[in-house]
Every structure is written in C-alpha cells, then in structure tokens.
Amino acid sequence: MPDYRRARVPGATYFFTVNLRDRSSDLLIREIDLLRSTVRATKARHPFHIDAWVVLPEHMHCLWTLPPGDADFSLRWKVIKFGFVRRLPATEARTSTQDRRGERGIWQRRYWEHLIRDEQDYQRHFDYVHFNPLKHGHVQRLVDWPYSSFHRAVAMDLYPQDWCGGVLSEDEDFGE
C-alpha cells in the first residue's frame, strides 16, 4: 500500500484537486448551492482563504491559504466532503468496503494536494484553476462558466474578461 505523505506547512497556500468517484457525474454543478453552503459553513468553523476555485461537473480545483499556525487542510476537506454528502439522498452505488465503513460512494477517497512553492508556482496554479472549464470543453469563453472565481479575479483586474489562459504545459501534473 502506498505511503502518502502530505506537506503540512502552517499558513501556507495549497492547490487541490478533488474528484467525484463517478467521473461521468454532474453532481457538483447540479448541487452547486449545497456545495457552496457547505464550504461557507466549513470556512466559518475552520477559517481559510479561498484564493481561487473552480467547480466542474465531476471535479474541482482550488487554491487555499490557511491561517498562520494552521496546516490542517485535511480536516477542512473531511468536513466539506461529509457535510456535502450527508445532505444528499443515498442513491449512489457503494462498494462493500464503503458499506462496511459506513461511507458514501460519492467522492474519490483521496485528493491531490500541492504545496505552493513560490509566486511563479502560485500564478501557474491560479491560471490553471481558471483555465479548466475551457480545457475540458465546457465553454468557449471562460467568462461563460458560472462556477469559478474567475469572475472575482476579473473584478479585481487580475484578468481581462476575455482572458483565455495562455498555454499550459501538458506535462504538468495537477492531479486530474
């Protein structure tokens, strides 16, 4: 069994990719209001700053900055995942292991996490988050994807409204 080690640096910024188990589902955008309220409730109990976030039908990417002295992003993801699924009807298929553990079959068990190293790394991941709806063919213009912090970034003059993301290297690993 792999030995996953997470980088835990208090007050750091992290990039995450979190996937649904069913990669053909549209649950995240179908239940976007529930997801948003779950994230808000989690932030109220366990503060963190959302630098960037995009929600796609079956996965999401985000950049978070944790408070000084706090490195517990795992707790926040546990609260978000649990809070989201407990308010959904149990209609998903579950494995025998999930049944035995009392788990729902909605989320992939793990998620991708990357500790942001420097400003260039931050900008590359910030752009990647916002470019994602175009990358996956959901829109032809990023401004047309409603489930993204891209709109906030445009309002803050971080991007022009017609930004298309430039060219991202295909050999980068962003956890998809």
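Cβ coordinates are placed from backbone N, Cα and C, and glycine is handled just like the others.
What TrEMBL says about a protein is an automatic prediction, not a curated fact.
Noted in TrEMBL for the protein shown:
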DOMAIN    9-132  domain 'Transposase IS200-like'
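Regional average pLDDT for the domain 'Transposase IS200-like' (9-132) in the model is 94. Here the domain 'Transposase IS200-like' (9-132) has, by DSSP, the following mix of helix, strand and coil residues: 51 helix, 27 strand, 46 coil.
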